[in-house]
């Protein structure tokens, strides 16, 4: 019946992320129902951003 520090220890029991069916990465959030890596469950298009890739010599490394 408390909401402070003692209840924070109960968060580590269940799994937050499981393996995604679309991208195969361990990024599918069970509670929210979508993948943090590819966006499965939230959109039909695969989640992709250019800032996620590091640019070396002005050439984007994929």
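Please read every residue number as a count from 1 along the shown chain.
Cβ atoms are placed via backbone N, Cα and C, with glycine included.
On a predicted model such as this, the values are computed, not experimentally measured, just so you know.
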Swiss-Prot annotation (zinc finger) - matching range among 20-38, 39-57: 20-38
Number of Cβ atoms other than its own within 10 Å, given for residue 35 (Zn(2+) binding site): 25
Conformational class of residue 38 (Zn(2+) binding site) under the three-state DSSP mapping: coil
